[in-house]
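These notes concern the structure reproduced below.
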Amino acid sequence: MMFLVTVWVVMESMLMGTCLSVLFQHDKAKVVQTMLFVTGINTLLQTLFGTRLPTVIGGSYAFVIPVLSIIRDPSLAQIADEHTRFIMTMRAIQGALIISSCIQIILGYSQLWGICSRFFSPLGMVPVVALVGFGLFERGFPVIGRCVEIGLPMLILFVALSQYLKHVQVHHFPILERFSVLISIALIWVYAHILTASGTYKHSSLITQINCRTDHANLISSSDWIDIPYPLQWGPPTFSADHAFGMMAAVMVSLIESTGAFMAAARLASATPPPPYVLSRGIGWQGIGLLFDGLFGTGTGSTVSIENVGLLGSTRIGSRRVIQISAGFMIFFSILGRFGALFASIPFTMFAAISCVMFGFVGAVGLSFLQFTNMNSMRNLFIVGISFFLGISIPEYFFRYTMSASHGPAHTRAGWFNDFINTIFSSPPTVGMIIAVVLDNTLEVVNAARDRGMPWWARFRTFRGDSRNEEFYTLPFNLNRFFPPS
C-alpha cells in the first residue's frame, strides 16, 4: 500500500516538476524509474539512520517553481533539439540540487535546526502540522472533479472499507481496515480499465484522458525490462548561481514541511515528539537525500511524503519495518522497469480521492496539539487564527496571481530573487510557521508558558527527557556508542 501511494507521488511530482508530458516516452519512463529508485534509497536511510520514524521520503511540490524556472531559462529554451534540451535541463537541475542540498546537510548535522526547534511550542506547531495537510486541499477534490466517475466511487469505497467496515475480520485480523487502500485501488482500477478499454474517453479532452485513462502514460511499452539508475546518468551537472539560489528556497520549504510531517508521523505512530537532536539528524539525512536526487537526476527534490503519513492514520500501521519493506519494493520495481510502470498506469484521480482522507488525517493531527494549550486564552486564539488564515490566504494569492499573469507576484530582473520569494510564500506550512513561531515567541511570552503548552513539551526537548525516546529513536547496530545523543 505504501508503495502504491509512493508511485503516485512520484508520477505527479514528475509531471509537475519536469513537464513529462513533452518528453520522449523513454526519457519519461527513465525519470520515473530514477525517482522511484532514489525514493527507496532515501526512505531506507531515513528510517535506519535519520529520525527512524515510519516515513517515506518522496518527491516534493515545493520544487516546482524553481524547476520550472530552470526549464524556462532562455539559455536552455533556445536549444532546438528537444532531447538535447531535456538533457541539458536535467543537468542544470542536478547542479542546483547538489549545491542547495548543503543547506539541509549543514543545518542538520551542525544541530542548528535543533537549536531553532527549541523556539517551537505545541501552539506554534498547530498551524505548521495542520497546514502540511490542509494546505494541499487543491490536490484533493479539485482533482477528483476532473474525473468524477472514477474519483467519487474511489472516495466512497475507501471511506466505507476503512471506517464503516473496519471491524470486519478474517481469522481475527481486521483485513478491510489494514488493506482498505489496496482493495479500493484494485477494484476501481479494474473499473477504470474497463472504461478505458471500452473507448469511453476516446474523444475526451487531454485533461480528462490524463486523469481517467489507465494507459495515458505509455510507460509500460517504453520501459526497459531491466534498467538500473546510476549517478550522473544524464551527464555531468552544470552549475549556475541563479539556479542554485532559487532552489535553496525550495530546500527551506522542504525542511519546514518535513518538520511538520515528522511531528505528525510521530503522533500517528504513537511515538514521542522527536527531540531536537533527532529532528536535526533527520534533516541532515534528508539533505543527503537531496544530494542523491541531484547526483542521480530525479528532476525534482524530495521531502517527507504527506500521503504516506496520512496512510499511517488510515491503516493504523505505524511500523518502520513496513516502510522499509515498501522501500525495498520501490528499488526492486524501479530496476524492473515494466513492473514499476504497470503501477504508474493508475489514474491520478484515484489517489486524489485517497488523499482527501490522508491529508485530512495529517491536518487533524496538527489540530490535536491544541489539547496541550489553553484555548481560552485570547493570545492563543489570535495566534492560531491569524496563522491559519494567512497560511492559506497568502499562498492562495500567489497561486491566483501566477495563474492569471503567468508569473509570480515577485517579478523582478533577478530571477533567483523571484524564485526565492514565490517559492517561500506559496507554501502554506512555511507561511504558517513564520507567522505562528514569530508571534508565539514575541507576544506576551513572559507569563504564557503554560498557555503555550510548554510544561507538556519540555520533557521531549532532550533525548533523555523521556524514557520512551530511547525506544523510538536510538540508532541501530549500537551506533549510539559512536554518535551519543545530546
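Backbone N, Cα and C atoms are what each Cβ position is placed from, and that goes for glycine too.
According to TrEMBL, the transmembrane segment annotation covers 6-24 (among others).
Annotated transmembrane segment per TrEMBL: 55-71 (among others), in sequence order.
Nonlocal intrachain contacts for the transmembrane segment (92-113), taken as residues 6+ away from its ends with a CB within less than 8 angstroms of a stretch CB, comprise 18, 66-67, 70, 73, 76, 232, 234, 237-240, 243-244, 246-248, 250-252, 254-255, 259, 276-277, 279-288, 290-291, 293-295, 297, 299-301, 486. The annotation transmembrane segment is assigned in TrEMBL to 92-113 (among others).
Annotated transmembrane segment per TrEMBL: 119-136 (among others), in sequence order.
Sequence annotations record features per position, and here TrEMBL assigns transmembrane segment to 143-161 (among others).
Under the heading transmembrane segment, TrEMBL lists 181-201 (among others). Sequence-distant neighbours of the transmembrane segment (181-201) (same chain, 6+ residues past either end, Cβ-Cβ under 8 Å): 1, 4-5, 149-150, 153-154, 157-158, 161-162, 208-209, 212-215, 311, 314-315, 346-347, 350, 354.
Sequence annotations record features per position, and here TrEMBL assigns transmembrane segment to 322-344 (among others).
Remote same-chain residues near the transmembrane segment (350-369) are listed as 5, 8, 12, 122-123, 125-134, 136-137, 139-141, 143-144, 150-152, 154-155, 158-159, 162, 181, 184-185, 188-189, 192, 260-261, 263-264, 267-268, 306-307, 309-314, 453 (criterion: CB distance under 8 Å, separation of at least six residues from the stretch ends). Look at TrEMBL and you will find 350-369 (among others) tagged as transmembrane segment.
The transmembrane segment annotation in TrEMBL covers 381-399 (among others).
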Would you kindly list the residues that approach the transmembrane segment (55-71) from elsewhere in its chain, counting only those six or more residues past its ends and only Cβ-Cβ distances under 8 Å? 2, 5-6, 9-10, 12-14, 16-19, 35, 39, 42-43, 45-47, 77, 89, 92-93, 96, 136, 243, 246-247, 249-250, 253-254, 257, 261-262, 265, 286, 289, 298-305, 307-309, 323, 326-327, 408, 415, 418-419, 422-423, 426-427
When you scan the chain for residues with a C-beta under 8 Å from the transmembrane segment (381-399), skipping those not six or more beyond its ends, what do you find? 123-124, 126-127, 130-131, 134-135, 138, 370, 375, 408-409, 422, 425-429, 431-432, 435-436, 439-440, 443
